[in-house]
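Chemist: Handing you this structure, nothing more for now.
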Amino acid sequence: MNWITNYVRPRINSIFSRREIPENLWTKCDECGTMLFHRELSDNLNVCTNCSHHMAITPRARFHALFDAGVFTEVQVPEPIPDPLHFRDQKRYPDRVKAAQKATGEKDAMLVAEGEIGRTPIVAAAQDFSFMGGSMGMYVGNAIIAAAERAVERGRPLILFSAAGGARMQEGILSLMQMPRTTVAVQMLKEAGLPYIVVLTHPTTGGVTASYAMLGDVHIAEPNALIGFAGARVIEQTIREKLPDGFQRAEYLLEHGMLDRVTNRNDLREELVTITRMLMGLPPAVSGDLPAPDPDQTDQAEAADSK
Amino acid sequence: MTHYLDFERPLAEIEGKAEELRAMARTNEEMDIEQEAAALDRKASDILKDLYKALTPWRKCQVARHPDRPHCKDYIEALFTEYTPLAGDRSFGDDHAVMGGLARFNDRPVVVIGHEKGNDTQSRIARNFGMARPEGYRKAIRLMDMADRFGLPVVSLVDTPGAYPGKGAEERGQSEAIARSTEKCLQISVPLVSVIIGEGGSGGAVAFATGDRLAMLEHSVYSVISPEGCASILWKDAEKMREAAEALRLTAQDLIKLGVADRVIPEPLGGAHRDSDAAITSVGSMIETLLTELSGLSGEDLVAQRRRKFLTMGARGLAA
């Protein structure tokens, strides 16, 4: 009996307790409180099916939904030297990075990929708010430069999804220097005559807004995304008055002329295809279940690709 | 009246005593205090040397923000001739936190732009403490554009706590204005020489400081965030600004190591405010040196080199 109670039973219990019960089957919408089933939510690109509240989405999930058949090739980003300032606050900076890498499975706060959307070749870059607040340091700067260089090399438009609290303080002045560095990247695209489309997602603030996120040919924002330079709390303390409802939200910026459009995440892909195809001088996208593409169009796509 | 910083208290005591003695001697002619006063002077100067020998980063921030420090206006008045201020962004207003216009520097016509903090309550309010609104950056863009079209070098003098965090500033596109100003800095095919004369506060400074050459006064600072701001975010305690200032590497000396700044301009003992004329003269000769260095380059080369400078910046960390 002893052998059974002390050995066999715990083993059996541990096998059963290890049975796969996915942890987050349900997500509560932080806007309307509706409980959303995980599959339904991810099918809807993390947009609440009840109130259309846009929740965060990882760059990988976004690319999976963005690129045709979810196929994309990652563009390698040159890795900067780690912890350039030997920065230490209450934690060591390398420890913070490691924790973020472990939590997200990503190297840093930006993912760059190339592929096709609506059979339109593009380069895309997406910022990851879950990685240290999406903060812009040397890696993010290198990622944007790599994205621009690849776009120029292949003659493709660049679509960038921004999401960041601002610069990464732990890289001090070097994080600030990503403002001019990424601006040079945008200039490369402009000089090559390639479209640069920015999709501003929640939140995009600080030095990120004051550089590459505000230099696009077209600015599209996701609904209700917080977009601004200074934080609302800092502004309230400075001017000592309450800020209006919706201040620094996408719709507010649209009214103030800083954005071209505010578009639901589920409509973004089609809109991006439409816009990039027009800017690239390509014929309208074909949609629906069509027979195999005729050779003519394949040629055109290839011609655009190798331009 | 001299404005002393908190760490200058021992100095304030000695200098105060010397001053008192001299005041007493003025009312009482029989007193012979010269020897004693001179001894106090020597002591004060020793203390001053000692204090400024190795300023901590936080103390440098304090010196950089010293109210009596020469400001943009002082430099423009002393170093430039025929200064002709030009105003307005042609779309909304004129921002007095940013001054600029046409001027001659050692006879050559240039465009000069800078943040002005003001030097008394009234002018500080008028200048918004050197915190620019979008109109300020758009005025700068307009002036840089003009410099570019007429082949005039641009000199920018940076001294700002940061861009103004206000409701109207946000509504009128503070971010966009800063981004466009930085973009303009990187576009113009004329030399752009920047000097940080006090505080280089974040994006508000980048908008003017993205040039071919960046010189910094010995006790000036340039940072992504103020030490107080950084401390309240990372240490959850704004009083940890000393630690934050240390960690941020915001001094001119560290920025040379990081390859962000190109030159350091020595300040008079005790900081630029103790001898404004000397500080201004040093800044003037540095501007001359840097403009001369750049004068032989074609517009194309200037733009290409400037972009390369920023693309390669930071690759080697503190070993740059």
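Cβ coordinates come from backbone N, Cα and C, glycine included.
Per TrEMBL, the feature Zn(2+) binding site maps to A:Cys29, A:Cys32, A:Cys48, A:Cys51. Look at TrEMBL and you will find A:25-294 tagged as domain 'CoA carboxyltransferase N-terminal'. For A:284-307, the entry in TrEMBL reads region 'Disordered'. The zinc finger annotation in TrEMBL covers A:29-51.
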Chemist: Among the binding-site residues listed here (A:Cys29, A:Cys32, A:Cys48), identify the one with the smallest other-Cβ count within 10 Å.
Modeler: A:Cys32
Chemist: If you draw a 10 Å sphere around the Cβ of A:Cys51 (Zn(2+) binding site), how many other Cβ atoms fall inside it, taking every protein chain shown into account?
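Modeler: If we count other Cβ atoms within 10 Å of A:Cys51 (Zn(2+) binding site), we arrive at 11.
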Chemist: According to DSSP, folded down to helix, strand and coil, what is A:Cys32 (Zn(2+) binding site)?
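Modeler: Coil, per DSSP.
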Chemist: Taking the centroid of the Cβ atoms of A:Cys29, A:Cys32, A:Cys48, A:Cys51 as the Zn(2+) site, which other residues of that chain lie with their Cβ within 8 Å of it, listed in sequence order?
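Modeler: Output for this site, in sequence order: A:Asp30, A:Glu31, A:Gly33, A:Thr34, A:Leu36, A:Thr49, A:Asn50, A:Ser52, A:His53.
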